[in-house]
């Protein structure tokens, strides 16, 4: 009978200095930046469930890619983007349609499982796609993440105000000439990108806690959109880096610790908010 | 340019035989009228008569099936920079973390692509709009923390911040208590008086608006009409308009009130839309070649008004 081994590892500093750890820390930085910024907009647009669903829509893409011998991120990204464009084309109202979104989410997850069962290698990867494997992120992936972040910031600098305006009230924004259909597509497409880079860290199942929860925590602390985005990125970064350090000290999977820290931050902010009232 | 009939104020909105369809259903048609600048106009009609749709057509967001609409001298949709629009959903649906100030500022900067830091001038105009709407002390409150009445004031301030020539409000009095309704009406009166703004209001209940209204667009039997206020305040017309018995009362102050009669059994047969009578009453010209099936039979039984 195996016993649960939950001892402190005194050698944790050496674990942290391993090359794969450097990649994991850099990946965490890139993910935190993208998730913090887009998490804010996802909440402002009431599209958190749609964002969560995108990760699951990406799942059959990921397992399908393994089946075909393609990179996981490619399959995930293509499926998430496809799903994003469909949801985006249906409009902001559609992204709030929980039953349709939930049904597609469940179907996509099932399809992902089916693809995974078709090959043994996909079966092996299933767990890391579902729950993440931040320690296996390669230098190439990190560079890809960084490029995505730069593009994200550039695009957001251009569409920031119209995106915010259309998040506040689509009708008013539309009357003032904001192309709301385009804003929807742009938002969902960017979201698909954020999902694609965040899934390797915590997987499709836990992504909500990494992308949405830090932004929700930041929203409790500040009403300013820019400050909220910075704070959300910071909370996200603390969760990922904290997760990496603690998982080196204790034998627990990083994904678990990352979502635990993120959830604790959120619970704490909610508790403080409740006490203040 | 807008029509300028012998010395009359220039028209802010001109409908020419406008017709709107949703799917294959005609919402309304034969809309031909003009609304003068500097007027406060109500759009009235029963639920589903197409009041909001009318605002959408004026904003160019809902295409016309036939005819044309000119707003502020240009085809609908081209003057939107000079129009402030406050939709109905504003008071109930918005659950935003943005502060009142940020939200109002978006009325000025929100449609601008590209990287633009906010200028002192924009800040100053936002402050002005907040002062006008008496919101200065609420500047840093989040919208989600404000009451319905306050949110509406924020929404109006957001519409006003770009100095519009025309302000359109969809059901601004719905979901507000009496005090807030009165405040809103007061704001509209000031806009007309102090800034000469043209105001258009979708309304269910005309009572609160009566003191400031110059006229009304009423959607009746699928046709929009415009009439000055004294013509609208006709018990017969209002009874038709709302499909329920309505009385007009003149108070000692000279104010007119429209009140639903207290009970339905006062002898007067409640009339439900006799289109022939109405067509005669309001002389709207149907083209002779287009016979409205409803107008086929001539009954002419209605006498309107109360016994």
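The backbone N, Cα and C atoms fix where each Cβ goes, glycine too.
Please treat TrEMBL annotations as automatic predictions, because they have not gone through curation.
Record note: among A:99-119, A:162-182, A:99-119 is the stretch given as transmembrane segment by TrEMBL. With pairs at least 6 apart in sequence, the transmembrane segment (A:99-119) and the transmembrane segment (A:20-43) have fewer than 3 Cβ pairs within the 8 Å limit; the two do not touch. For the transmembrane segment (A:64-87), the most Cβ-contacting stretch among A:140-160, A:185-216, A:228-250 is A:185-216 (pairs under 8 Å). Spatially, the transmembrane segment (A:256-275) is not adjacent to the transmembrane segment (A:140-160); fewer than three Cβ-Cβ distances between them are under 8 Å for residues at least 6 apart in sequence.
Within the chain carrying the transmembrane segment (A:99-119), a Cβ under 8 angstroms from the stretch's Cβ atoms is held by residues 49-50, 52-53, 56-60, 62-64, 66-67, 79, 83, 87, 125-126, 129, all 6 or more beyond its ends. For the transmembrane segment (A:140-160), the residues of the chain that approach it from at least six positions outside its boundaries are 23, 26-27, 30-31, 33-34, 37-38, 73, 183, 186, 190, 193-194, 197, 200, judged by C-beta separation under 8 angstroms.
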